[in-house]
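Enquirer: First, the structure itself, so that you have it in front of you.
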């Protein structure tokens with residue numbers, strides 16, 4: 001496997017993609033819509049925040065826009081790579097590639113690099129509105145860099161998983177559907193499962209005056225860990241302390257990312273501890289997702305290997 | 001065994017296909033005798049190749065492949081010598097495409113030993129690939145690319161030296177008569193032009209073994225003639241060419257050898273000359289169509305002669321056979337001697353077609 005082969009495949013993918021023309025329009029629309037909404041969001045914050053003296057609009061804007069960007073980008077990502085392999089097979093261009101001196105790994109990684117690269121361009125177009133709070137000084141540059149890296153990794157993970165589906169399944173429509181189901185699973189099903197699992201952890205406690213049941217979120221916190229929102233929120237560096245409010249919390253108020261991160265760590269700590277007594281949650285989630293993505297890359301490289309012994313159900317090699 | 005890349009290769013397009021002005025010759029190519037020096041004539045049933053397995057472009061022995069429970073290949077044998085065009089002939093579903101996919105290193109056989117250009121496919125598929133050109137029966141092109149970008153991409157994928165690439169692309173385009181399409185997008189090509197572009201793609205890396213699955217489908221008559229000439233010139237330069245086709249009359253002009261495949265098995269490997277000519281083996285039998293002047297009593301005289309097979313009446317003539325060329329010549333001489341004024345006397349369809357039909361007829365009968 002060589003870098004030359006990978007970059008050859010990646011350049012070919014990007015070139016054929018850019019030539020379809022409508023990409024430029026789509027990217028332009030994406031840029032205008034995302035940044036436009038972010039600015040509207042900011043304006044709405046400005047006009048309603050007059051009464052609240054300690055709210056920093058930049059922090060809310062950063063957190064709110066970032067979460068929206070994360071979810072939107074993850075929704076776009078399956079479209080980038082969920083039909084790169086079976087789509088080529090349907091068009092009849094895959095087999096001619098496989099008989100060249102390009103190896104299966106080069107084809108798989110090249111296609112992944114192209115999809116990820118496109119995903120990063122999509123992400124990059126949203127950055128101007130995220131960078132505004134940094135310019136204002138509300139958000140440190142370090143925090144900005146960390147969140148961009150985490151979102152970029154998450155985009156890559158979804159690219160890899162989508163490509164794995166496109167290698168496994170014969171029809172591109174099925175693999176696109178499965179990729180969206182995967183994103184849906186990570187974003188929506190994980191908190192749903194957590195919510196359903198929490199009552200199951202309840203254990204009866206014999207109190208001095210009456211019996212009651214106590215929920216143990218520390219047994220099921222890991223259900224939340226693979227969630228991209230959780231990973232991003234928890235991995236984001238905490239804002240510096242700014243005085244103490246009436247419940248003893250000492251971080252900035254109204255920081256969407258910090259709030260999510262704290263509540264996830266609270267869940268991990270359970271009733272007996274607090275969020276500062278436990279370690280972060282995001283390494284588990286990111287690690288799990290990276291293993292998933294690595295597995296998907298391995299599967300797609302394996303599926304591209306020729307000569308093939310087994311074929312996906314109902315496909316022609318060429 | 002020599003690496004394919006190390007062998008000095010005669011430039012594939014040194015024949016009439018090159019523009020006269022093209023100065024391009026592969027460095028170190030021997031100026032003469034392009035044909036493979038070590039190809040031996042193959043007997044009617046595929047004499048085994050050399051002990052090292054490198055004598056022939058393709059040697060396949062006992063190839064089995066099933067898709068689920070459906071067997072596609074059941075112990076197929078095949079030899080494709082260098083310097084000849086071998087035709088793969090068989091009914092739909094006989095296993096031709098499966099065999100070509102296996103030879104193209106895309107599909108693994110369940111059992112069997114295959115070597116392509118001296119490389120064992122089970123252990124060194126990647127080495128076989130650099131000596132192998134393959135054109136599938138249906139394939140897609142990258143619609144967004146231009147014709148030359150398309151070929152340049154495959155030149156890169158086969159790791160052709162950078163400096164050689166532009167010349168190679170231009171030479172290939174003129175080889176398949178697409179030089180006027182330079183810089184045009186691939187999606188603007190007609191079906192036949194795309195087919196020719198596919199041939200050029202298969203030749204990008206100067207393969208010593210060329211596999212073509214139904215190459216003539218979708219080609220106009222002019223392009224077919226050109227394809228035929230191209231394949232003949234490649235064979236003349238020592239390339240082992242394997243062509244599968246349904247158009248038997250055409251294979252007769254292209255191929256030196258015919259491999260008949262039925263139900264995933266080789267049922268015959270023949271020299272084309274043996275197959276179409278009459279001989280003691282009787283393979284060259286065809287039906288013959290005779291036309292004679294009316295009133296000369298052709299029908300009566302034919303009816304009076306034994307051994308003419310089924311005699312059919314045609315307007316102004318008759319059809320007899322199957323007869324070998326010898327028998328047909330005897331019949332013609334006799335008819336003329338008897339005063340029949342014959343105006344037309346010829347085989348019906350191509351001899352290969354007759355042989356193929358006769359052979360498959362025999363097989364269906366013997367299977368019952």
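Cβ atoms here come from the backbone N, Cα and C positions, even for glycine.
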Enquirer: Out of A:112-132, A:217-237, let me know the one TrEMBL marks transmembrane segment.
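Expert: Within the set A:112-132, A:217-237, TrEMBL attaches transmembrane segment to A:112-132.
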Enquirer: According to TrEMBL, which listed range is transmembrane segment: A:144-168, A:244-268?
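Expert: In TrEMBL, the transmembrane segment feature sits at A:144-168.
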Enquirer: What range among A:4-24, A:25-45 does TrEMBL describe as transmembrane segment?
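Expert: It is A:25-45 that TrEMBL annotates as transmembrane segment.
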Enquirer: Would you kindly list the residues that approach the transmembrane segment (A:60-81) from elsewhere in its chain, counting only those six or more residues past its ends and only Cβ-Cβ distances under 8 Å?
Expert: 30, 34, 37-38, 41-42, 45, 111-112, 115-116, 118-119, 122-123, 126, 129-130, 132-134, 138-139, 147, 151, 154-155, 158-160, 162-163, 166, 176, 179-180, 182-183, 186-187, 228-229, 232-233, 254-258
Enquirer: For the compositional bias 'Basic and acidic residues' (A:262-271), what are the DSSP-based totals of helix, strand and coil residues?
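Expert: Per DSSP, the residues of the compositional bias 'Basic and acidic residues' (A:262-271) fall into 8 helix, 0 strand, 2 coil.
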Enquirer: Between the transmembrane segment (A:281-301) and the transmembrane segment (A:144-168), are there at least three Cβ pairs closer than 8 Å, leaving out pairs fewer than 6 positions apart?
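Expert: In contact, yes.
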